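Annotation source TrEMBL lists transmembrane segment at 16-36, 104-125, 132-154, 188-212, 224-244, 321-343, 355-377, 383-405, 447-469. The domain 'Major facilitator superfamily (MFS) profile' feature in TrEMBL is assigned to 18-471.
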């Protein structure tokens, strides 16, 4: 009775449980990833890395009250001599910025993240994805825990590389698992919810990195942030290992949209079709242009992610924007993620995969101008324009991967996601290192405007161009002249090869061929 009653009902919710589990795991991984940006100032003071600068040390004072702004002083002697009513209000110390920080935040993480992501993508197409994901989760959780115990700058670099190795498997593995669990009409929404983990972890990093070190609980300061995230991560890693199981791999998108008659005819003809490889897939102009557009957009997001807290602390030292940034990134960003997925799924049946790219182009175009506003304006309007920008900007990530999994064959799906992430993260994750030299040449604000808001605009143009390389809605299959169905996305490429190979394998095994699935 238990097995047939309650258990059968619980099984219906299993896929949503998996979505929640892998999403929380991704949030924790990204929290560990972005904590360095919000704890960098206090971490730099302890580990002694990066630039030194003159900074306001009196939180009860406003910039308008000061005879001279601390941040405009470049000498330690002058900095420490500035007083107001006989009291010093500036201090000379580590700012948390500089080339050391940019290397730690970007290349040290991305160098490993991108390479390991490709390797895991290849492995995932051949072995049990659930077990590999469990191992990856355990690796990055251990790295986060150990980051709370570092005593040297190089310790932090090595552990961020280890964390990157573990987290590299999260996206390609979870994307493949979720794609096989959920149908097309829910796919963009589901992948948007999962990929929101990036922004969820990033948003949570603001209050965690700003306020928890100030509590100095147990005398551990910033270390508590990493210990706390790591302990929660241990629970998630255990649940992933014990409850996540490998779903049946299914053909989707382009592989499932070719009419059965065409596939049967190809099978009966006995023609030998070439094996589909990763090189066939990534050499397509639409995949290349989609990857370029995503890389540019990712650079804009990474630039803001790595510099937002430090930027607003630098330009508005007398205004606490920690909770504002949390509310905008987590609250407004999550709404944008869901809306983007729903809109994309709504129109894909009418326009095909091309509609997803159109949603991408329009959302990034709309987000560009308010992104500039979030850098140009004062604290209040900066947060208002940032909220408006975030609503549209955060539609992009889940939709990009919904497009990707729908235009590549099942046999190389995880590998393609891994290669795509390799390129996207190498470009988008490493370009923000240019913020440091550019800021020294033209100013910090101007550098953020270029690599953050400017790259949003460039990506919208590239996404728009990509749309013209995508196919429209697939023709509905007919039987005796009567329409019996059709896919929302016109996903014809490679399906002939994949279906023929699958049928050939079935014939060699002596198994009957189910024409309804060809």
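Backbone N, Cα and C atoms are what each Cβ position is placed from, and that goes for glycine too.
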Proximity verdict for the transmembrane segment (355-377) and the transmembrane segment (104-125), three or more C-beta pairs under 8 Å: no
Annotated stretches the transmembrane segment (132-154) and the transmembrane segment (321-343) touching (3 or more Cβ pairs under 8 Å): no
Cβ-based contact of the transmembrane segment (383-405) with the transmembrane segment (104-125), 3 or more pairs under 8 Å: no
Chain residues in Cβ proximity to the transmembrane segment (16-36) (below 8 Å; excluding those fewer than six residues from its ends, i.e. six or more beyond): 43, 101, 104-105, 109, 133, 137, 140-141, 143-144, 147, 156, 160, 163-164, 166-167, 170-171, 174, 177-178, 181-182, 190, 193-202, 204-205, 208-209, 225-226, 229-230, 232-233, 236-237, 239-240, 243-244, 305-306
Segment-level pLDDT (mean, integer) for the domain 'Major facilitator superfamily (MFS) profile' (18-471): 83
Positions on the same chain near the transmembrane segment (104-125), where near means CB under 8 A and six or more residues out: 33, 36-37, 40, 49, 132, 136, 153, 156-157, 160-165, 167-169, 171-173, 176, 302, 306, 411-419, 421-423, 425-426, 429-430, 432-433
Proximity of the transmembrane segment (224-244) to the transmembrane segment (321-343), 3+ C-beta pairs under 8 angstroms: no
Beyond the flanks of the transmembrane segment (321-343) by 6 or more, those residues with Cβ under 8 Å of it: 188-193, 195-196, 199-200, 202-204, 206-207, 210-211, 308-309, 312, 359, 363, 379, 383, 386-387, 390-399, 402
